[in-house]
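Here is the structure we will look at.
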Amino acid sequence: MAGELRGSRGPLQRIQIAPREAPNLHLTMGNWLVNHWLSVLFLVSWLGLNIFLFVYAFLNYEKSDKYYYTREILGTALALARASALCLNFNSMMILIPVCRNLLSFLRGTCSFCNRTLRKPLDHNLTFHKLVAYMICIFTVIHIIAHLFNFERYRRSQQAMDGSLASVLSSLSHPEKEDSWLNPIQSPNMTVMYAAFTSIAGLTGVIATVALVLMVTSAMEFIRRNYFELFWYTHHLFIVYIICLGIHGLGGIVRGQTEESLGESHPHNCSHSFHEWDDHKGSCRHPHFAGHPPESWKWILAPIAFYIFERILRFYRSQQKVVITKVVMHPSNVLELQMRKRGFSMEVGQYIFVNCPSISFLEWHPFTLTSAPEEEFFSVHIRAAGDWTRNLIRTFEQQHSPMPRIEVDGPFGTVSEDVFQYEVAVLVGAGIGVTPFASILKSIWYKFQRADNKLKTQKIYFYWICRETGAFAWFNNLLNSLEQEMEELGKMDFLNYRLFLTGWDSNIAGHAALNFDRATDILTGLKQKTSFGRPMWDNEFSRIATAHPKSAVGVFLCGPRTLAKSLRKRCQRYSSLDPRKVQFYFNKETF
């Protein structure tokens, strides 16, 4: 039954679908590379830098004469700990950049006239942020395990009574330099736990690791979607992580032989005669050691400066007065806020962060703008999807006077800004995910009213997938206005829209079938009839590719990950390797 209903032109009309040929894997991969080569190049460069830094540091600590005696105690674990530490510094430097929203918006604006491929990496900022976080976790595990081995070997060397080189090195001290030691465990009775929690490196390492674990676990999609407040507050532990990282190396636990000592007693000449180091008649003296200077702060200083400037700018913009001009409660528990703010300027598809101090002083939530740039106000539609949004809707439903104060930060750019750069645009919204396309469709309505000849887009396909009929209500007026405007201008072919209801039952379908001959849809009142089920995307993409054989088609989605995966595959499958023929470019809203 569902297979008969999906993608049907009428509510219960059976359609015959021709069997589809299996996709060509080489063609699909080729199309993917054509669309994402710059993102791939950036990702490969980042991975390559991680590999280079790890190998460089590993070989340095594994082969350098400076750490010859340190390796006598610690072995290869020394090189593993230091190599992973260098990569941790590098990735900790990188992780803040993708979340500097104002910097990314500036870069997007600067690249507005660039090729769409050059802008695409900016659209994956959060994906890159997550990848860097995963890399930090991997190197943290390597670093911790290596140092656990190191501390255990320090302890064993200190307790050893066999007269080996490691035991002699562990008991070394210099009468003129109190810090000229090599083994941080200074007493045979000192435990590994005591040494770890009483040293700067050990204590800051434990605190930074706990902060990292809490941030990563609270960022899981289930928690982020259902307990956003927990994710939001816990993620601010990055401040603790950064501070601990910056001072982690102050203790100088990892020590190497000083340059002066290397000149006097080179390990290649003196390591085999360590029993004669204290013999004044011999040529070898016992070596002197110094701690490795802290370097983490050098890596993170620049991104911290960027981020501090970002937060100052956010704070300044959030303090500007916001005037709420209209509040509308739509069906399906959707709140519309229309607002004004001095100096506010937006583009289609952008989003803002909203804060309501009476609910939470610290929580900022992102919402796509549903107004058009041509309107005198900016608006958002907010669906109850968590404690904060439910409290906000409840606050405005109570109709207190004066209205609660709202703070706004933004707007910030997204992939939807590029919609008018394509000859053909395919807009796909799921549920409240239709909001960025409200802005686009409103802007089109204004452009047609003003006879804007600069509009590059020649055709728009709009798909909206909803679970319940009430969700269509707030959008009906806009679609109805667009229908009338297109009809009056003789451009009915410009917009092709399809509404899909997934939460239907037999009563709704039967009622729709009985009234199928009506001029307007019984659910929405629009001329375009509502379809039941989900779109058959292969049919839709094949139809679009046939209708526009030489066009660049931008596919824009605001919806769940499963739908994104499906559409991304279709874009790759139905694009031609010949740049002169149809090309589908997939774009997904992420903020």
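Cβ coordinates are placed from backbone N, Cα and C, and glycine is handled just like the others.
Here Swiss-Prot flags His365, Pro366, Phe367, Thr368, Leu369, Thr370, Ser371 as FAD binding site, drawing on sequence analysis. The domain 'Ferric oxidoreductase' annotation in Swiss-Prot covers 82-316. Swiss-Prot lists Thr457 with the feature phosphothreonine. Sequence annotations record features per position, and here Swiss-Prot assigns region 'Interaction with NOXO1' to 424-563. The annotation topological domain 'Cytoplasmic' is assigned in Swiss-Prot to 1-36, 98-130, 217-234, 445-591. What Swiss-Prot lists as topological domain 'Extracellular' is 60-72, 152-195, 256-423.
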Cα distance (Å, whole number) from the residue listed as 'phosphothreonine' to Phe367 (FAD binding site): 26
Long-range environment of the topological domain 'Extracellular' (60-72) - Cβ separation under 8 angstroms, sequence gap at least 6: 78-79, 82-83, 165-166, 169, 182, 254-257, 262, 266-268, 271, 287, 289
Alpha-carbon spacing, Thr368 (FAD binding site) to the residue listed as 'phosphothreonine', which is rounded to whole Å: 22
Chain-internal residues near Thr370 (FAD binding site), provided their CB is under 8 angstroms and they sit 6+ positions away: Glu336, Ser379, Val380, His381, Thr435, Pro436, Ala438, Ser439, Lys442
Integer Cα-Cα distance in angstrom, Thr457 (phosphothreonine) to Ser371 (FAD binding site): 19
DSSP-assigned states of the topological domain 'Extracellular' (152-195) in counts, ordered helix, strand, coil: 18 helix, 2 strand, 24 coil
Recorded positions listed as Thr368, Ser371, Thr457, least Cβ neighbours within 10 Å: Thr457
Which of His365, Pro366, all binding-site residues, has a Cβ with the fewest other Cβ atoms inside 10 Å: Pro366
For the topological domain 'Cytoplasmic' (217-234), the number of residues DSSP places in helix, strand and coil: 15 helix, 0 strand, 3 coil
Cβ atoms near Leu369 (FAD binding site) (within 10 Å, other residues, all chains): 27
Conformational class of Ser371 (FAD binding site) under the three-state DSSP mapping: coil
Thr457 (phosphothreonine) - helix vs strand vs coil (DSSP): coil
